[in-house]
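Participant: Below you'll find the structure I mean.
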Amino acid sequence: MKLLEQIEKWAIETPDQTAFVWRDAKITYKQLKEDSDALAHWISSEYPDDRSPIMVYGHMQPEMIINFLGCVKAGHAYIPVDLSIPADRVQRIAENSGAKLLLSGTEVTVTDLPVRIVSEDNLKDIFFTHKGNTPNPEHAVKGDENFYIIYTSGSTGNPKGVQITYNCLVSFTKWAVEDFNLQTGQVFLNQAPFSFDLSVMDIYPSLVTGGTLWAIDKDMIARPKDLFASLEQSDIQVWTSTPSFAEMCLMEASFSESMLPNMKTFLFCGEVLPNEVARKLIERFPKATIMNTYGPTEATVAVTGIHVTEEVLDQYKSLPVGYCKSDCRLLIMKEDGTIAPDGEKGEIVIVGPSVSVGYLGSPELTEKAFTMIDGERAYKTGDAGYVENGLLFYNGRLDFQIKLHGYRMELEEIEHHLRACSYVEGAVIVPIKKGEKYDYLLAVVVPGEHSFEKEFKLTSAIKKELNERLPNYMIPRKFMYQSSIPMTPNGKVDRKKLLSEVTA
């Protein structure tokens, strides 16, 4: 697959087809090509001998997609930076990346950045004055050159720049289009901010198939009335999000086939897909295919996938995350560095062309997480799991296991069983510390329909069900009830916010 050529062919075949929609703003494939060509021509003329990455700042504006393509056509990787990212972090990204230029279709509120800023009217002037100019195709990003760099949280407190090459992205996009049976001209949900690599799962599969990206922003998500009004107008056919976001939508009774009659495919990544969430989706959208996928940012979005059917739901209480894409392989490594046999838990290691070339400007971190196995790049995920007959089962983060009163446990396992209880719509487990040790577990619960007059009676009923599924030491000591679970801008459960709320 020639990625950029595949996107550009739609400017010729379907020039007036909408490529991207955000609120009242939209761009066609013709405009996407013309403006990204103009921008690439300007970048090449301004920085003829430079290939440093370029920061692209904003939140869901159509100009961001134009800027992404303009950067790579000129031979520069882009760094997506969402408006929600704190100024201090933006500053550290600018310093770590060595970027010299920041592009934005909106006002840049961060000050004192060590980069040249081109935003709003200046960007539009470039589109206008360089219109009709085409960049030299030899300058475009290719092969093992970086296509984009996404910054993720680092254990040291400093963000890590994950370098994803052109070849990495091509491998992912080709697999996604083929394995998920994506069709020409479909409408894709774009829920994840561009600084979160889940967005790559909708951006490039949509653009290479001549589809339309329908973006919903964080303000819509915070106002359910606006969110569902937008969804009703969208005619979305391919849904890409975290499971938490879909679970939130399922709390609205009208979120069903009647709202989105042409829904064909649900693609989930970024979190564990609870069995009960998948089951509700099958009930609400009986004609749609549900795909559960797995992969870290360091392995280009996702490397495994499985079609979740009723048979799969009945067979597995904790859903598998799928079979590995054909050009990669999975190894389960034991603590002693040997490969675990089928069915035995260990650390998930991903090998193959989806694996990043490492962290930008951080050789020590790269050496710690990445290695070479049989001549191929490999990434040690820090995730626990096992493989049975080629099917991967994810068992949470190795560092998401806690020791409570001498017992080692996985919080996600408790959450899984809690969500399966009657009267529970959503739930998160928060471990509470006393000094340096964990003291007890708190369950934050979004209750479902029930007839209990007092909260303690509801808690007793839930605990009774949990006692049938979990040992006593894994039963939460305290329960707190909320109308919703807070989420990060990326659509994941905001565990830090929850912890600050319950310990305040």
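Using N, Cα and C of the backbone, Cβ positions are placed for all residues, glycine too.
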Participant: So Swiss-Prot lists ASP197, LYS492 for D-alanine; which of VAL108, VAL110, VAL301, VAL387 goes with them?
Facilitator: VAL301
Participant: Looking at the ATP binding annotation from Swiss-Prot, with THR152, SER153, ASN292, THR293, TYR294, GLY295, PRO296, THR297, TYR394, ASN395, GLY396, ARG397, LYS492 already listed, which candidate in ASP314, ASP383 is the matching residue?
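Facilitator: It is ASP383, as the record lists it for that site.
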Participant: By Cβ count within 10 Å, point out the most packed of the binding-site residues listed: ARG397, LYS492.
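Facilitator: Output for this query is LYS492.
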Participant: Counting all other Cβ atoms within 10 Å across every protein chain shown, which of the binding-site residues ASP197, ASP383 scores highest?
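Facilitator: Counting Cβ neighbours within 10 Å, the top one is ASP197.
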Participant: Of all the binding-site residues here, ASN292, ASN395, which one's CB has the most other CB atoms within 10 A?
Facilitator: ASN292
Participant: Would you kindly give the Cα-Cα distance separating ASP197 (D-alanine binding site) and THR152 (ATP binding site), rounded to the nearest Å?
Facilitator: 9
Participant: Once ASP197, VAL301, LYS492 are set aside, which residues in the chain still have Cβ within 8 Å of the Cβ centroid of the D-alanine site?
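Facilitator: Residues close to the D-alanine site, other than ASP197, VAL301, LYS492: ALA192, PHE196, LEU198, SER199, VAL200, MET201, CYS269, GLY270, THR297, ASN490.
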Participant: For ASP197 (D-alanine binding site), which of the three DSSP-derived states applies: helix, strand, or coil?
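Facilitator: Note: ASP197 (D-alanine binding site) is helical by DSSP.
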